[in-house]
Amino acid sequence: MKQMKPPKKPLIFYYGIILVIILLLNSFIFPAIFNHSVKEVDYGTFLTMVEDGKVKQVEIENNTIMFKPKDTSEAKLYKTGSIDDPKLVDRLHEANVKFAKVIPKETSPLLNFILSWILPLLIFIAIGQWLMKKMQNKMMGGGGALSFGKSNAKVYVEAQTGITFKDVAGQDEAKEALQEIVDFLHNPKKYKEIGASIPKGALLVGPPGTGKTLLAKAVAGESKVPFFSMSGSEFVEMFVGMGAARVRDLFKQAQEKAPCIVFIDEIDAIGKSRNSGMPGGNDEREQTLNQLLTEMDGFDADKGVVILAATNRPETLDKALLRPGRFDRRVPVELPDLAGRESILHVHAGKVKLADDVDFNMIARATSGASGADLANIINEAALRAVRLGRNKVMQNDLEESVEVVIAGYQRKNAVISMKDKLTISYHEIGHALVAAKQSHSAPVHKITIIPRTSGALGYTMQVDEHETILMTKEQALDKITTYMGGRAAEEVIFKTITSGASNDIEQATKIARSMVTRFGMSDEFDMMALETVNNPYLGGDTSLMVSAETAAKVDAEILKIIKTCHQKAIRILEDNKDKLHELTKYLLEKETISGEEFMAILAGKQESSVILEK
Ligand code: ADP
Ligand code: MG
Ligand code: ZN
């Protein structure tokens, strides 16, 4: 739902304008209209006219005398100020003029006030309100932030999601956990008979793009029940109390439609811990959360309302949400493993025409750490590329290229890079690859390229593991750091100078070294002491150090020691293989992209690189 913009000027401003308009009307315009046809004359003229017999009728008011002439050519009505003239009556009588004194009307001042001030004001306010409402409806597309508690006009039902567990590849554990809920919604009697009560709520936790929302829809699709879906942020409204009203409505509707599923996506938007240290807190969010807690306690799970929620920040959720009877069941939806990635690729490739050379296993191996959403994106990018190249089938190299697009962005074909920089980049990348190849615990080199990418990468070396490993040994970790050092080391060995091109390598290497010391217990100094905690494991996983200042300094020293050792090792490897470094670099510079096989062939001396470098 779109947020309503606050009106540019406060309402009171418009009412002020209206008031001024009424004032002007009352004091100038109306009298002017009335007086238009009245001609004012002096008393003398009046008397002369009476004596000349030109006057037909006279009305004497308190301060004025109005009179009608016999000859109406000049004006229909005259007026003059009334003067204390005792002879006036006689004169009029003599001239045979009809005359009368007007009896002053006893209008009550209150009525007068109401008629001339309150009534017009009320009319204008009514018009104003009507306009406001119209405007709002336009902006909000119905409903509206100002329609307090009237959100029940919105029906949250999305009757059939049409998605089943078949559409969710991998995630077998999650599916198994949710299968029970599906079963319950199909056959609640079975559970009631034995006296078991089904959990009221299940919380899907995991990194973004792993299929949490998809799974929730699949549960609804499998159970063939209505699916009430809302995002946590939709509850957080402009006005305190609105969110709570929405929660109430949602649950009211859900109970009417039971059995059904209520799905609250991104629940951390309202479920954040209430003592998160914000001064003053957030009233609206807390009220909404309290209402949610109350509603979850209030309804009878046997009726068949199951609440699913999803978040990638479970650690921020309020403890009250997680206690038994509420979201007591936690379903982890983790990043897919190798087999999971392969089957996700298969699911999404279902509607894509594939060439025979497509090898999803290879793509899955090259995408360790990718989420389901990433993989879906890779398939789509590959299909787009195939179309762009005028093919009607997706080939393996479309897929490989789109993996790189997702990892590093598009190729920057037009980027202008000087020959000197290109040479440096080539040595840098071959440095990585050579160090990786000369160590026994690093993954094989799959591809080396010096074609720059939109992510800012000037080139990269892709390593693809044969098998996926879940555990990382200390040797593997050290080899990884050493490989990261390889790029810079090559620059040092060849050019005796260094460039800024290693910044990302430095960052990654330091991250691994830090984890080794603070979390994996891989340093001699600290043994198995925990020094750091991970704050949000599913979102970037930033950590906070929980040690004294002195220890922190020692931690840094320890990290530095690891990095220095690895750096020296990388330099040594490259010094020992300087010939190969030159040879491979020349080859890469010529080809711009070389495969792992080519690389290994040259390294093993099986292939002569015939390219001669021109400087
Ligand atoms: P989130 O966990 O962030 O809610 P989504 O459920 O929205 O992720 O997933 C985004 C998209 O990624 C889905 O629409 C689907 O195309 C794809 N996807 C993610 N996980 C899977 C999976 N396990 N199987 C098939 N597709 C998946
Ligand atoms: Mg989601
Ligand atoms: Zn590098």
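Each residue, glycine too, has its Cβ placed from N, Cα and C.
Bear in mind that TrEMBL entries carry predicted annotations, made automatically and left uncurated.
Remember, predicted model here, so these are calculated numbers, not experimental data.
According to TrEMBL, the protein has these features:
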ACT_SITE  Glu429  active site
BINDING   Gly206, Pro207, Pro208, Gly209, Thr210, Gly211, Lys212, Thr213  ATP binding site
BINDING   His428, His432, Asp505  Zn(2+) binding site
DOMAIN    198-337  domain 'AAA+ ATPase'
TRANSMEM  12-34  transmembrane segment
TRANSMEM  110-131  transmembrane segment
Output field, Zn(2+) shell: CB within 8 Å of site CB centroid, site His428, His432, Asp505 dropped: Glu429, Gly431, Thr461, Tyr484, Met485, Gly486, Gly487, Arg488, Ala490, Gly501, Ala502
Distance-selected recorded positions near ligand 3 (C-beta under 6 Å), from Gly206, Pro208, Glu429: none
PLDDT averaged over the residues of the domain 'AAA+ ATPase' (198-337): 83
Between Gly209 (ATP binding site) and the residue listed as 'active site', the C-alpha gap once rounded to whole angstrom: 31
The domain 'AAA+ ATPase' (198-337): DSSP-derived helix, strand, coil residue counts: 62 helix, 29 strand, 49 coil
All-chain count of other Cβ atoms within 10 Å of Lys212 (ATP binding site): 27
Nonlocal neighbours by CB distance (under 8 Å) for Asp505 (Zn(2+) binding site), same chain, sequence gap 6 or more: His432, Tyr484, Met485, Gly487, Arg488
Residues among the binding-site residues Thr210, Gly211, Lys212, Thr213, His428, Asp505 that border ligand 2 - Cβ under 6 angstroms, in sequence order: Lys212, Thr213
Integer Cα-Cα distance in angstrom, Pro208 (ATP binding site) to His428 (Zn(2+) binding site): 33
Those binding-site residues in Pro207, Gly209, Lys212, His428, His432, Asp505 whose CB falls under 6 A of ligand 1, listed in sequence order: Gly209, Lys212
Structural state of His432 (Zn(2+) binding site), classified by DSSP into three states: helix
Nearest-integer angstrom distance between the alpha carbons (Cα) of Thr210 (ATP binding site) and His428 (Zn(2+) binding site): 35
Site of maximum Cβ density within 10 Å, from binding-site residues Thr210, Thr213: Thr210
Residues near Gly211 (ATP binding site) in space but at least six apart in sequence (CB under 8 A): Val168, Gln171, Val333, Gly372, Ala373
Env. residues of ATP site, Cβ within 8 Å of mean position of Gly206, Pro207, Pro208, Gly209, Thr210, Gly211, Lys212, Thr213 Cβ: Leu204, Ala310, Asn312, Val333, Ser371, Gly372, Ala373
